[in-house]
Amino acid sequence: MASFASFTAPSAARTAAYPKTPQLSAATKPPTHISHHYSSPAGHRRRTRQPLHITCDSTAPNNTPVPDNHSPTSRRDLLLGLGAGATTALTLDPFSAALARPVRGPSIEACVRATAGDQTFACCPPSFAGVDIQDFQLPSASEPVRIRRPAHLAGLDPVWLDKYKRAIKAMRCLPNDDPRSYVQQARVHCAYCNGAYVQADDTNKGLQIHYSWLFLPFHRYYIYFYERILGKLIDDPTFALPFWNWDHEDGMPIADMFKDTESPLYDPLRNPAHQLPTSLLDLDYNKRQPAVRTKDEQVRVNYAVVYNNMVSGAKRRLEFFGAKYRTGSAVPVRQSSGSCENLHNPAHIWVGDSSRALGEDMGNFYSSGRDPLFYVHHGNVDRLWNVWKTIGKFRFDFDDYDYLNASFLFYDENAKPVRVKVKDCLDNKLMRYDYEERPLPWRNFQKTPASSATVANIFGGEKAANAAEAPAVELTPLTEFPLALDSVVSVSVARPKKSRSAAEKEAQSEVLVVYGIELQGDKVVKFDVVVNDDPANPSGPDKFEYAGSFLNVPHDSMKFATNLRLDITDLVGDIGADDDDELVVTLVPRVADGPVTIAGVRIELQN
């Protein structure tokens, strides 16, 4: 159970271990608004590029739209007709009672066209009507173990690379109505993520596999069947996909094999600037104002982001996997994504073609499955799930009945429909695949404090050059919440308990929750969260004061609400605020393609 405290007026108790947060007397409450340091950047020019056509017999272009037999009704229109209130104000109650029912999905026959922006797309799979759906069985222990290697190294093996290309080409050449075809495999992600499906046991509620504990197991199965289909197509039971080893310096660029314009591994709908040999994936990517960093600076930032999401900010299951999601949970209320999903989000935006309105291919969930890089990217996400469970206490899978028995539908390598359950995918070795071991250079990353002079000048204190004249941070009054996040906002947040012992910190994490984040699902939204920091010059991921980021990857067109949960146990100690009654939390907008509102901020203690 979590105990929490909402933001309140600061008390007078402070310590000298860290520059002091601003004090408010009764006469000055509520304080004035914080100055606005953020403005929306100017738009950018859009260019048009034609998609690549890779054919088997000169008659089957890549990503050819295929008509389907399903109703053209959009998920948004359907939910409005059902009274889901997609256009009304949304509330997010983190204390709503669990229904104690595992998500069993989807209802294939109720599948409708997916939405992205103001467009709809045919993403429904071949009908399961009259087809016997089998329960998933783990492969035989006599099967060879497929070993997934880092893409930048695997691509150096010409024999393996030829197999990979042949397998992808064979998949592209399957008829579009074959559930194993390239078109249909890409549609899997579209249907599950962009509003095409409803829950099998509650068809009044949509199904979404992001922003919850379903994220990791769903994608594990998705990549698992995709890999086995490729192996089957080239008659190689040992074939294994590579993984994009972006948590290591050597693997941060897009591997060369994906840049060959004549290869079936190439996707023209990528950001061309990010396919240069010198371009490293930016795990702190801001599409409006991309950072200009040296290689060493970018590597350091990336390691910091991985560290924040895998080590310091992910000490417990809820923060790593995401919120619990049960049958009956409404899609417009997506409780919270886990740190592993948060870690994976920037690559989607970074790879996708920013000149396109919907950010295709990787930059939107409806289209991301069209890019071979998607499966390689998620291979690394899957690998990091394994790694996370090895690096500290309390790092194990949920044992909740509704988690273990949540289910999905896939077509296997024999084009047979199977129902899979989460409980059968928790040990990848039983699924007969594993990862080549790689170094973890981020494991013991050393963060550093923000400039003491800068912080002192903002918060005052004995370190300031002229403490008497040092300005204080202006706090947003409590009456402003909920508020539109269109500028930098700072607020004082009460802590549920101060001066905690080492044993207490181990027993319960201190978690900062930005709750009731309301936005449109098809808009890119990014904001950073810093603590006791300079709002005019907020710290980056490699600084003590940085708590984390929220980034929405565009998907369906529904308005929804969610939370951002950030473990700040280490952060509080690093900035010397263990004995403080409250913390000053600053929300820093980075990208807002649509309006964003915040219901509030609080701090919890999480078991």
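The backbone N, Cα and C atoms fix where each Cβ goes, glycine too.
Residues annotated as region 'Disordered' in TrEMBL: 18-76.
What TrEMBL lists as compositional bias 'Polar residues' is 56-72.
Per TrEMBL, disulfide bond is recorded for Cys111-Cys124 (among others).
Same-chain residues at least 6 positions away in sequence with a Cβ under 8 Å from that of Cys123 (disulfide bond) are, in sequence order, Cys111, Arg113, Ala114, Arg187, Cys190, Ala191, Asn194, Ala196, Tyr366. As annotated by TrEMBL, disulfide bond applies to Cys123-Cys190 (among others).
Positions annotated as Cu cation A binding site by TrEMBL: His189, His210, His219. Every protein chain shown contributes to the tally, and the Cβ of His210 (Cu cation A binding site) ends up with 22 other Cβ atoms within 10 Å.
Residues annotated as Cu cation B binding site in TrEMBL: His344, His348, His378. Sequence-distant contacts (6 or more apart, same chain, Cβ under 8 Å) of His344 (Cu cation B binding site) comprise His377, His378, Val381.
Under the heading domain 'Tyrosinase copper-binding', TrEMBL lists 371-382. Same-chain residues lying 6+ beyond the ends of the domain 'Tyrosinase copper-binding' (371-382) with a Cβ under 8 Å from its Cβ atoms: 148, 151, 168, 189, 216, 219-220, 222-223, 226-227, 241-247, 254-255, 258, 264-265, 267, 269-270, 340, 343-344, 347-348, 351, 361-362, 428.
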Practice task
Rounded to the nearest Å, what's the C-alpha distance separating His348 (Cu cation B binding site) and His219 (Cu cation A binding site)? Just drop the number here, would you?
Solution key: 14
Completion exercise
Filtered by Cβ under 8 Å and at least 6 apart in sequence, the residues in the chain of His219 (Cu cation A binding site) near it are Ile209, His378, Val381, Asp382
Handout entry: Inter-residue Cα distance where the pair is Cys124 (disulfide bond) and His210 (Cu cation A binding site), in Å
Key = 18
Exercise for the section: Specify the count of other C-beta atoms within 10 Å of the C-beta of Cys111 (disulfide bond). Expected result: 23
